[in-house]
Structures are given as structure tokens and as C-alpha cells.
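Feature annotation from TrEMBL assigns active site, nucleophile to 87. The active site, proton donor annotation in TrEMBL covers 148. If you look up TrEMBL, you'll see 87, 148, 206, 208, 220, 224 marked as substrate binding site.
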Ligand code: GLY
């Protein structure tokens, strides 16, 4: 089943190289991907899909297309195009870092290190955190962290590994600790965002941006937490990060509906037509694979996570994937971007497609994505 799903995904990705040309897919409207000129937070995912497809197939068309995206990311960094946000980690881990991991191209490694330097400029004192969005002078955003940032931290951990400079890693560790303390709640659910007073660093309180309400648990935020803490554990071996990944994963999995794919927010009232977020489940599937790679055989959580991974992935493949729909642009239906904002509440999300493919590749071929060096 996994091989068929991968073959279908690779065929669609190949078709999309021609469809998308030099542009980058973001989210769909009515089944058609909105494209941009490499100026959104999501543009690394397309690059990552091309690198995964190249690694799986060895087909040079994927490699050429992937390298063209990295050339575009060179220009983006040079011209500082829409980089006043923390998602530099998403952008450059899956594009230039992927190229470095796959081909050992030195200029790709250098570009990735420069991207890590740009991300470091978002470090804020006295609060001691990475500002999520906007410029330093933006009073509304200066005190905000968000849980999604945990997936940006691997870029910093990696930069310390590569350069021997501990500063990147120290920032990443402090951000992960801060996220654990302020974004994760006592019952293992999570806030999407948390505000600090930027002048004093004092904590103010949790809030949401894309979730149902300030105190609710936005499922994709919880998903970023699962994978992000597992990755922070990989780089630091701090058992508290492993514990957080496990606890957030359990919360996510225990609150799934019968078909094992998440609604868009765990607190959204469930009624006919409540939106799903298949992308959250795809992120958690990839995150569970990372988590499982750190659990001992005798770990009492292992069997549960393994079982739930298979249930979720089976449901994604059988009920949400576009397998057999030859003209479909996306791989996973029923993702939601920003339900209350009215933006693509039931569509393809390019990150949903990426994490679905990453999870399949990891299960079937041991290809682990581009968040860390291969071991
Ligand atoms: N990182 C933004 C999102 O998940 O929508």
C-alpha cells in the first residue's frame, strides 16, 4: 500500500513540475494550487518534495527542478524577500539544506548557514526568545512566540554542528525550553501563541491565531509541537524534550475522531461539516516516526505510537489521498489553513503533501527528510 501511495505521489509531483514552472505552490482553492514567486513561508515544502522524489527515484528531472528552487532561495536571501519571520527554518531546511544532505554541494551548505544567521537576528532580549512574526519595531508582534517555531530550530542546531559555534544551539535550546514552559499546558494541550512583554520579558499570556479560541488547542499547532520537541530531543538528548513530544503526541492521538484524522481544532464543536486538517495528521505521522526512532524497544509507549501511526497513515492513504485521481494537483485533500480567517478551510496544503510524502518515504525507504543530517 505504501509503495503504491509513493508511486502515485511521485507521478503527481512530476506533473506539477510543468504545472508550477518557476513558481511555488502554497494552498489550493477549489483544487488548484495558488502559486507565488518564492515569497511565502511555505515555499520550502515544494523544494523538499522534489528532493524526496529525487532520492526515491533517481530521476534527474526532480534533481534539476529541486536545484532550480535552491537557486531561487539564493536570490530570496540575497534580496531579503519576505524574510521578516521565523519560518526561515522551514524554507532553508527543505531547500538548500536538503541539497547539502543529498548532494554535499558546498554552496548549498553556505547558503543554509547564512539563513541560520538571518534567523538568529530574530533573537530578542530581555525575554530570551525568537520573535515569530514581523520586525523588531512592530509593537504588536515583538513579544510573540508560536509553537510552529519548533520546526525552525533544527536549522539552528544544525548550524552549530556545522560551524562549532554554540550560539545557534543555545538559542534553539532556550526557545524549546520556553515553548515547553509557556506553550504547553498542564494537560498536555497547547497554545498556538504566547506573548511576553518585549521591554521586560515578563510573560503575558497565551492566545491563538489560527485556532478556534485563545484557550483552544489548534491541532496543527499541537502537531508542530510533537515533531518539534522530538527533533529538539534528537539534537540535545534532553529527556524533557522527549517527554514533551510523547505527551503532546498522546494528547493528539487520544483526541482523534473515529477515522484517526484530526479536525482543525480539538475544541471546535464537531457537527456535520466541521473541517478536518489532514495536514496536522500528516505532520504527526512524520513526527511519530521521529519519536519512535528515539524510543527503546521496551518503552511502554512504543506499541501505542506504532499502532496509531499505522491507523493514521492508513486512513490518510485510503480516505484523504488523491490516489488514482490522475489530474489532481495535491496529494492530500481536506487540509485547513485558517478556518476562522476564511482562508482555504478544506483544500490541499503544500506542507500536508510534504509531510505525507516524508512519512511514506520514511516508512518504506528509510529516507528521513531534511531536518537533520543522516546517521
Ligand atoms: N506555520 C503556519 C501554519 O502552520 O499555518
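Heads up, the Cβ atoms here are built off N, Cα and C, so glycines get one too.
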Across all protein chains shown, the one of the active-site residues 87, 148 with the most other Cβ atoms within 10 Å of its Cβ is 148
According to DSSP, which of helix, strand or coil covers residue 224 (substrate binding site)? helix
So if I draw a 10 Å sphere around the Cβ of residue 208 (substrate binding site), how many other Cβ atoms end up inside it? 20
Please report the three-state DSSP label of the residue listed as 'active site, nucleophile'. coil
Proximal but sequence-remote residues of the same chain as residue 220 (substrate binding site) (Cβ under 8 Å, at least 6 apart): 148, 210, 264, 277, 279, 280, 283
Which residues, sitting 6 or more apart from residue 206 (substrate binding site) on the same chain, put a CB under 8 Å from its CB? 182, 183, 185, 191, 192, 193, 194, 195, 214, 215
Of 206, 208, 224, the binding-site residues listed, which put a C-beta under 6 Å from ligand 1? Please answer none if none do. none
Going by DSSP, is residue 148 (active site, proton donor) sitting in a helix, a strand, or coil? helix
Rounded to a whole number of Å, the separation of the Cα atoms of residue 208 (substrate binding site) and residue 87 (active site, nucleophile) comes to 18
Return the count of C-beta atoms lying within 10 angstroms of the C-beta of residue 224 (substrate binding site), excluding that atom itself. 26
Among 87, 148, 206, 208, 220, 224, the annotated substrate contacts, find the widest CA pair distance and round it to a whole Å. 20
Taking only the CA atoms, the spacing between residue 224 (substrate binding site) and residue 87 (active site, nucleophile), expressed in whole angstrom, is 12
